[in-house]
Amino acid sequence: MSHDTVLEARDLTKTFSSTDPPTRVLDGIDLTVREGEFLVVMGASGSGKSTLLYTVSGMDRPSGGTVTLRGRDLTALGDAETSRVRLHETGFVFQEAYFLRNLTVRDNVLLPALKAVPKEKAAAVARVDALLERFGIAHVAHHGITQVSGGQLQRASICRALACEPSVVFADEPTGALNSSMSAEVMDALTHVHAGGTTVVMVTHDPGCAARADRVVYLRDGGVVDTRVLGTWSPERAGAREDELLLWLRKLGF
Amino acid sequence: MSRSLAARYAAGDLRKNAGVDVALAVVLVLSAFLMATGAMVVERVFGSIDRLFEQAKPPHFLQMHVGEYDRAALESFAAEHPEIDAWVVEEMIGFDGAAVAWQRPGTQEAGDLADSLVDNLFVTQNAELDFLLDESGAVPRPSEGEVYVPVAYQQRFDLRVGDELEVTTDDGAVPLRVEGFVRDSQMASSLSPATRFLVSEADHAALEAGGGGAPEIIAEYRVTHQADLGGLQRAYQADPALPKNGEEVTYPMIRLINALSDGLVAVALMFASGVLVAIALLNLRFVIRGALEDEVREIGAMKAIGIRDAEISGLYLAKYRVMTALACVVGGGLAVAATTLLTRRMEVSYAAAPWELTTVLVPLGALALVYVVVVAICRGILRAVRKVEVVDALVHGSILGERQTARRARRQARRLRRGGLAAGRTGKVDVRLALADLRSDAGQWALVPVVFLLATLLVVLPTSLLNTLESPRFLTNMGMPRSDVLADLRFTDDVDGLRDDVLSDMAGDDRLTDVRAFAEVLYESPSEDGWATLRVDVGDHAGTIELLDGELPAAGQVALSTLNAQKFGVGPGDELTLRQDGATTTAVVSGVYQDITSGGDTAKMPATTPVADVTGAAGYAIHASTAPGADPAAVAAEYAERYPDAAVVPTEEYTRQTMATMTGALRNAAAASLAFGVGVALLITSLFLKLRLTRERRTRGILSAVGFSRREIVAQVRAKTLAAAALGTALGLLVAATAGELVVGGVMASANLGLARLDLVPDPWLVYLAYPLLLVSAAGLAAVALTARLRRADTSAWLRS
């Protein structure tokens with residue numbers, strides 16, 4: 001693993017044995033993510049994108065292979081250590097707004113921060129309030145989660161992912177359940193996160209969203225079939241990047 | 001919608017939720033089982049007693065008497081009262097258990113009845129009423145040398161036909177051969193302080209002539225119409241020539257005392273059943289509402305394609321109908337077996353109750369009640385189907401309408417604002433999170449504390465009642481001074497002389513302390529029905545009774561038992577006229593206390609002269625405490641041997657024996673209640689957690705995703721479960737100590753035995769430590785078992801569910 005590699009998966013497999021016959025969703029994937037990179041994973045439904053994301057983020061255990069995050073093999077860690085990695089080193093943005101309905105928007109965002117540094121409550125609160133301000137949802141901070149829009153919830157989800165200042169943020173189709181204006185809000189927010197130096201690994205179906213990435217990998221039947229380097233994103237070249245990406249995706253049968 | 005579709009739906013649902021349904025079914029079976037058993041035991045108890053009463057013809061009114069009596073007066077009384085159908089003066093000779101020995105011919109087996117502290121009364125068979133019956137229900141008439149022994153002794157001392165019995169009189173032993181065993185309608189109850197042996201006229205005469213026994217009579221009457229009983233009783237009491245030195249007992253009292261011990265078990269069983277039915281209903285509500293929430297989209301779809309509300313409800317109801325019906329069948333079957341076991345002693349002591357229509361109808365009625373209540377409540381809960389709006393169900397997956405949803409969201413937001421995770425200075429985030437969940441889902445979590453409250457009542461109340469009946473304090477509560485040794489002096493002509501001897505002996509005995517004598521003086525007072533006997537205990541009553549109302553009597557005052565206060569229509573502050581040997585005085589009623597001794601008809605007055613100087617008393621009770629290290633049983637036995645005319649017993653042992661059958665049966669009921677309570681607590685906690693954990697999968701996924709370890713997530717579930725169970729248990733203890741005491745006391749008071757208020761005396765170690773720990777441990781065990789699997793799940797699987 002070179003010095004600028006933040007995440008690396010080697011010969012990664014995942015088999016779901018609850019189906020009959022068992023389904024092999026990831027089939028020996030090798031993947032490397034560099035420090036500060038914005039990587040997008042694309043592929044048809046059932047290609048294993050989300051499973052790959054859950055497995056490399058330490059949410060689920062792979063059936064085989066290794067996942068190394070900042071030099072630590074996640075597959076060798078116990079439950080307590082893996083959960084510490086999820087708390088301190090990674091953040092996750094889901095397609096659906098997964099929030100605890102018995103907490104306000106602010107408390108949902110605050111939860112990992114208070115968990116991570118219980119003795120520095122004031123600092124955690126200040127950091128979270130700043131995040132809510134930065135992502136434009138401070139005014140709904142004390143609302144219940146059923147009282148805010150989908151876009152606001154996804155921004156809150158990004159705030160929660162950033163609450164412990166992780167080195168990598170994973171996002172699983174963060175705009176999948178949103179309309180176009182809300183999608184733009186969320187992608188702007190993620191781009192903003194990336195611009196701040198955080199590594200972002202995102203799964204998406206949407207070429208418009210994928211065009212924001214530095215690099216796109218394409219999955220088919222649980223394996224990486226091709227990779228496309230797009231370079232640094234700029235709003236001025238957004239249209240050209242999207243066209244270039246679409247052309248590549250069509251060749252791959254997307 | 002066709003019945004087969006409903007059946008298929010129910011069968012599919014049963015397969016899907018097998019664990020939850022089995023738990024529910026078990027609670028329903030237990031409810032039906034206990035309800036049917038309680039009902040059957042009640043029916044059998046009264047059936048047995050009625051059968052025995054039918055065969056044995058117990059008296060409708062009886063008066064016990066010790067000492068001389070005027071037979072001619074009794075005869076003229078009977079002649080003057082045509083309402084008397086039959087009457088008899090039964091002559092009895094009482095012997096101490098130590099004076100009755102037995103041996104089995106041809107074996108080394110032998111013993112005596114010294115362990116029994118009740119009076120052993122030898123009688124002959126009556127001609128017209130109050131028969132002692134053999135096991136077949138026939139009226140045995142023993143020949144010379146034969147004896148019929150009470151069935152209670154057959155069981156207790158393992159006596160058999162053919163055994164030889166020897167009664168020691170002053171003139172030597174009278175040998176008898178056990179010919180059979182008798183059931184006694186008057187003294188069958190374990191609460192009876194005496195029991196009767198049946199002998200021939202010749203042997204009765206020999207026992208009387210031999211000396212050493214205590215003669216006593218009972219004047220017994222049966223009336224043609226029971227409506228005349230009150231009048232006859234009043235006329236008897238009003239006639240000064242008739243013997244009255246003893247208790248008077250009426251037919252309803254005999255029946256009640258007989259029914260009490262076994263009836264109490266039936267009441268305990270039905271109480272347990274009531275609690276279990278309540279628990280079952282709470283669970284049904286939780287399960288059905290949960291099912292409606294989980295399957296709201298299916299309900300919406302059914303409504304959308306035009307299926308009527310009643311038909312949709314019917315789909316759910318079908319399962320619970322079948323489940324409850326099956327529970328009633330299984331519970332009823334188990335109840336038959338349990339009732340056979342529970343009523344075995346009853347059939348031996350009383351009579352085998354005949355099978356009648358009510359024998360079948362009573363338990364069927366009880367089971368029908370369980371079925372109807374459960375199905376009606378299910379139907380009520382399923383009314384929620386009517387309120388489901390198609391759009392809300394299909395689009396939002398909510399059983400609530402738009403307005404209700406908005407209202408709920410506003411309410412929730414208000415609650416959320418009140419206490420945030422960062423509010424306050426201390427507290428781990430895990431604890432705050434758990435509290436937030438308990439607060440926001442209080443409606444669902446409430447099931448656990450409510451079930452534990454009920455389970456606590458179920459395990460605590462029967463045990464507390466048992467402990468109360470066995471407690472020495474119970475005697476004080478019930479009118480008897482607390483002491484270790486009690487000498488009852490009455491079966492002798494020179495009772496004052498005997499008193500002096502016993503008192504001086506006891507006063508000089510180092511093993512005895514606090515020797516206190518009470519004289520029993522008979523007065524008469526005007527009641528609604530004319531002058532009635534008032535039995536007054538005269539002595540120093542400080543610390544011996546607990547008054548319900550008023551104060552201890554001072555000079556010129558009298559305290560009355562509750563039954564006497566009712567009988568004479570007076571209360572504290574009222575004046576009561578007392579007549580003795582024609583002279584009339586008045587005393588102010590100072591207070592009222594409860595008493596179950598002497599039929600509950602007692603009164604207390606302070607001694608104006610030392611009890612040792614009293615003359616003309618009907619009897620004396622001398623109470624003494626033993627010094628540390630002295631054995632009350634040994635001391636009592638020694639005094640009983642030294643003074644054959646005195647009945648000297650170790651108080652605690654005597655009470656224990658008197659209450660033995662009742663407490664024995666209650667102990668079984670309490671043990672069963674404990675098992676059911678803890679079992680149901682375990683079962684319901686498992687059921688709750690099973691459903692709750694299924695519905696909380698996404699919450700667990702979120703917590704896991706943001707960095708909580710599985711261990712922490714599991715710990716939160718366990719802590720919440722334990723907290724809810726502990727809260728319910730604590731509330732249950734509180735309710736048991738307040739309302740529970742009132743309810744149990746009320747049931748006991750309704751028996752009208754002189755018990756107006758029952759102060760439960762719980763065993764603090766059991767009730768406040770062992771049982772709560774047991775219940776909370778049951779919750780802990782369920783939580784550990786149900787959460788064990790959580791450690792292996794993938795976070796994504798939780799989130800996607």
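Glycine is no exception: its Cβ is also placed from the backbone N, Cα and C atoms.
What TrEMBL annotates here:
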- B:20-42: transmembrane segment (TRANSMEM)
- B:263-284: transmembrane segment (TRANSMEM)
- B:270-384: domain 'ABC3 transporter permease C-terminal' (DOMAIN)
- B:322-342: transmembrane segment (TRANSMEM)
- B:362-382: transmembrane segment (TRANSMEM)
- B:445-466: transmembrane segment (TRANSMEM)
- B:669-689: transmembrane segment (TRANSMEM)
- B:674-793: domain 'ABC3 transporter permease C-terminal' (DOMAIN)
- B:721-745: transmembrane segment (TRANSMEM)
- B:765-786: transmembrane segment (TRANSMEM)
- Task: Could you check if the transmembrane segment (B:445-466) is in contact with the transmembrane segment (B:669-689), meaning 3+ Cβ pairs under 8 Å among residue pairs at least 6 apart in sequence?
- Result: yes
- Query: Over the domain 'ABC3 transporter permease C-terminal' (B:270-384), what does the predicted model average in pLDDT?
  - Reply: 87
- The answer for the transmembrane segment (B:721-745), taking Cβ pairs under 8 Å and residues 6+ beyond its ends, is 434, 438, 445, 448-457, 460-461, 464-465, 681, 685, 689, 755, 757-760, 762, 767-768, 772, 775-776, 778-780, 782-783
- The correct DSSP tally for the domain 'ABC3 transporter permease C-terminal' (B:674-793) reads 101 helix, 0 strand, 19 coil
- Query: What is the three-state DSSP composition of the domain 'ABC3 transporter permease C-terminal' (B:270-384), stated as helix, strand and coil residue counts?
  - Reply: 100 helix, 0 strand, 15 coil
